[in-house]
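For reference, the structure is listed below as structure tokens.
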Amino acid sequence: MLTAEEKAAVTAFWGKVKVDEVGGEALGRLLVVYPWTQRFFEHFGDLSTADAVMHNAKVKEHGKRVLDAFSEGLKHLDDLKGAFAKLSELHCDKLHVDPENFRLLGNVLVVVLARHFGKEFTPELQADYQKVVTGVANALAHRYH
């Protein structure tokens, strides 16, 4: 999936990411851009407008939790299916999340990283991260297959 150089670039760059900020924004943008995903978060309170979603404390908190799991997964780039096995089981068997949502969130995460880091998030780094988020989405969807 990733070369040794790509893995090194991904993990080095990730050290600069403020997980709480980026996670909250990524999940918030997912809920705004793809509003049908909100059905999994109805218990989060007011999600009626983009502003409400982006300032919702529960969205920010869960976004941080999502990126904490992503951060842990980056330590296991050679075994993403193993790293995300329990989360795949939870999202498939208990939460019944459409696995397409994992791909959407990964793509939104790449957008948010580009927004936060500008030119520092080079096309090469974007390509590396696209591989990672695709791998994570596939790992999370593994239980569905």
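Numbers run from 1 along the shown chain.
Placement of Cβ uses the backbone N, Cα and C atoms for every residue, glycine included.
Since this is a predicted model, take the numbers as computed values, not measurements.
Feature annotations, reproduced from Swiss-Prot:
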| type | residues | note |
| --- | --- | --- |
| BINDING | His62, His91 | heme b binding site |
| DOMAIN | 1-145 | domain 'Globin' |
| MOD_RES | Thr11 | phosphothreonine |
| MOD_RES | Lys58 | N6-acetyllysine |
| MOD_RES | Lys81 | N6-acetyllysine |
| MOD_RES | Cys92 | S-nitrosocysteine |
Worksheet, complete the sentence: Whole-Å Cα distance, the residue listed as 'S-nitrosocysteine' to the residue listed as 'phosphothreonine', is 28
Response to the item:
Check: min Cα-Cα distance from the residue listed as 'phosphothreonine' over recorded positions Lys58, His62, Lys81 goes to Lys81
Fill in: the domain 'Globin' (1-145) [mean pLDDT, rounded to integer]
89
Worksheet item: Which whole-number value in Å describes the distance between the Cα atoms of Lys81 (N6-acetyllysine) and His62 (heme b binding site)?
Response: 22
Discussion item. Going by DSSP assignments with H, G and I as helix and E and B as strand, what are the residue counts for the domain 'Globin' (1-145)?
Written reply: 116 helix, 0 strand, 29 coil
Fill in: Nonlocal residues around His62 (heme b binding site), in sequence order (Cβ under 8 Å, 6 or more apart)
Leu27, Phe41, Phe44
Worksheet item: Under a criterion of Cβ-Cβ distance under 8 Å and sequence separation of at least 6, what residues of the same chain contact Lys58 (N6-acetyllysine)?
Response: Phe41, His43, Phe44, Gly45
